[in-house]
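Novice: According to TrEMBL, the feature GTP 1 binding site maps to 43-50, 90-94, 153-156. The compositional bias 'Low complexity' annotation in TrEMBL covers 1-13, 20-29. The feature domain 'G' is assigned by TrEMBL to 38-154, 219-336. Per TrEMBL, domain 'GTPase Der C-terminal KH-domain-like' is recorded for 394-474. For 1-29, the entry in TrEMBL reads region 'Disordered'.
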Amino acid sequence: MSVSPSPTSTTDPLAGTDPPAEAVASTDSAAAPATIPRIAIVGRPNVGKSSLFNWLAGERLSIVDPTAGVTRDRLTHLMHEGGRYFELIDTGGIGIVDSDALEEEIEGQIRVGLEMADVLLFVGDAQTGVLPLDREVAKRLHPLGKPLVIAANKCDSPKMESDAAEFLELFDAPLLATTVKGNRGRDALLSTLVQALPPAGEGEASGGAELAADPVMKLAVVGRRNVGKSTFLNALAGEERVIVSEVAGTTRDSIDLRFEVDGRSLVAIDTPGVRRKKSLANDVEYYGTVRAQQSIRRADVVLMTFDATRTISKVDKQLVADIVEAHKPCIFVVNKWDLALEKEMTSERWAEYLEKTFANMRYVPVAFLTSQAGRNVRPVVDLAQSLFKQARERVGTGKLNTVIRAAIEKNPPPMRKNRRPKIFFATQVAVTPPTIVLKCNDPGLLGDDWKRYLLTQMRDRLPFPEIPIRLYFRPRGNEEEPTPGRR
Ligand SMILES: Nc1nc2c(ncn2[C@@H]2O[C@H](COP(=O)(O)OP(=O)(O)OP(=O)(O)O)[C@@H](O)[C@H]2O)c(=O)[nH]1
Ligand SMILES: Nc1nc2c(ncn2[C@@H]2O[C@H](COP(=O)(O)OP(=O)(O)OP(=O)(O)O)[C@@H](O)[C@H]2O)c(=O)[nH]1
């Protein structure tokens, strides 16, 4: 009666023909993309963060991520400077409103936003100088211990630059005077930021995720209350030949559990439910949004757990939206399958229900299990390991372009505004998730439907069929050519 984890179909009805032969050998075997580092712009309101973001980003290009469906991440921008790719993040929305409002919830949100960053760009207003709220913000940034660069913005006249040094009282960090209004200081700021990035190459990763040959997978088990998260982990811990040890989590009341499964390690993050459940006096808030978001961001793979006997709730949808936003590989785990079987539910019907509810996530595998009986727990972990591997796959430029050319030949993008969209070439610039830059004549000419088609074709023919892929469509010639292998 056991129901195996059955991946949902990732097959595109259009994909009937043979895969294109790999006629073009990869010419970039030296390419070693890593996770794209992130720079977060932070500061109190009104210092010019958004202005600075737009100014640094240059021409505002829309970032298109069809995997995210309608949600578009307007606050990040992929930059290519000094031979490095990095993402600029505008944290303007993260809620530093005023000092009274810096309550726990807001602090949590700030933490989540900043945890993703490898480098912080603190922005101050040189015209007002250091205000108490700047100090408040600084106080919250210090414990993060991340590399930081200060931009003393609104230095509209050169004589203000000497006053800008005032901001050095907040941090021991490089300080640059900038004026968005006067358009001065951009190049110096960018080159200082690039220098602050973690070194390129294999070790480069955000949040300390090492891209070692056989890294330890960080697994987050999320889902609404009572869905069986602890039961799942206990079942895994109870498996024969599984060794479990506790490691400190990132927050005071969390535990990470390290599992050795058949000689391979994995870490289940933020799992207080497993051992300390009863001692948590008030865990109502435990799986609150911020906490879950934090776990999702730290994870390599997320097990998004549903209760087979209940309908998909708002909380579930919010969690899935967070997973999509964080571009994390995930498995839809439908638990308490024993109870569903009693009601003669079928796995096909549940899979269909998921597909309908999360229409843009057909690539996500679905697994049905009965944690209470330990049924299918191990296969789910094996499946997670395979997604983790997919997320680290690197595809050579030759193969990537062959696949894209074949997709275009089969179904060319439709004309728009009397113009034919053209894609000249593509490069994978990062892993976790696979991130691909496509150089086009005009990204605005490519419609969402066609981009989705392309993505499906890529999933069918490249070694990452079941995980999110980030595509960036960029006009040719507005930046240096990609040099993913450069160190
Ligand atoms: N004089 C001067 N004004 C600037 C400069 N940069 C930004 N501003 C102005 O400062 C104001 C605030 O800019 P924003 O970019 O919205 O600031 P922000 O920090 O993103 O603000 P929040 O969204 O409230 O957090 C706007 O009126 C900008 O035009 C500058 O270099 N010089
Ligand atoms: N029938 C059945 N019951 C299950 C299964 N898995 C878990 N349960 C039951 O569901 C209840 C909740 O399980 P937990 O593992 O505590 O759920 P949780 O998601 O960790 O709950 P919170 O910590 O409150 O978020 C318990 O009574 C479990 O025995 C299953 O596969 N089948």
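Backbone N, Cα and C define each Cβ position, glycine as well.
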Novice: By DSSP, how many residues in the domain 'GTPase Der C-terminal KH-domain-like' (394-474) are helix, how many strand, and how many coil?
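Specialist: Counting residues by DSSP class gives 31 helix, 21 strand, 29 coil.
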Novice: Return the average pLDDT for the domain 'G' (219-336) as a whole number.
Specialist: 79
Novice: So for LYS49 (GTP 1 binding site), how many other CB atoms are inside 10 Å of its CB?
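Specialist: The Cβ of LYS49 (GTP 1 binding site) has 23 Cβ neighbours within 10 Å.
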Novice: With every protein chain in view, how many other Cβ atoms are within 10 Å of the Cβ of ASN46 (GTP 1 binding site)?
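Specialist: The answer is 11 other Cβ atoms.
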Novice: Let's check the environment of CYS155 (GTP 1 binding site): how many other CB atoms sit within 10 Å of its CB?
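Specialist: Around CYS155 (GTP 1 binding site), other Cβ atoms within 10 Å: 25.
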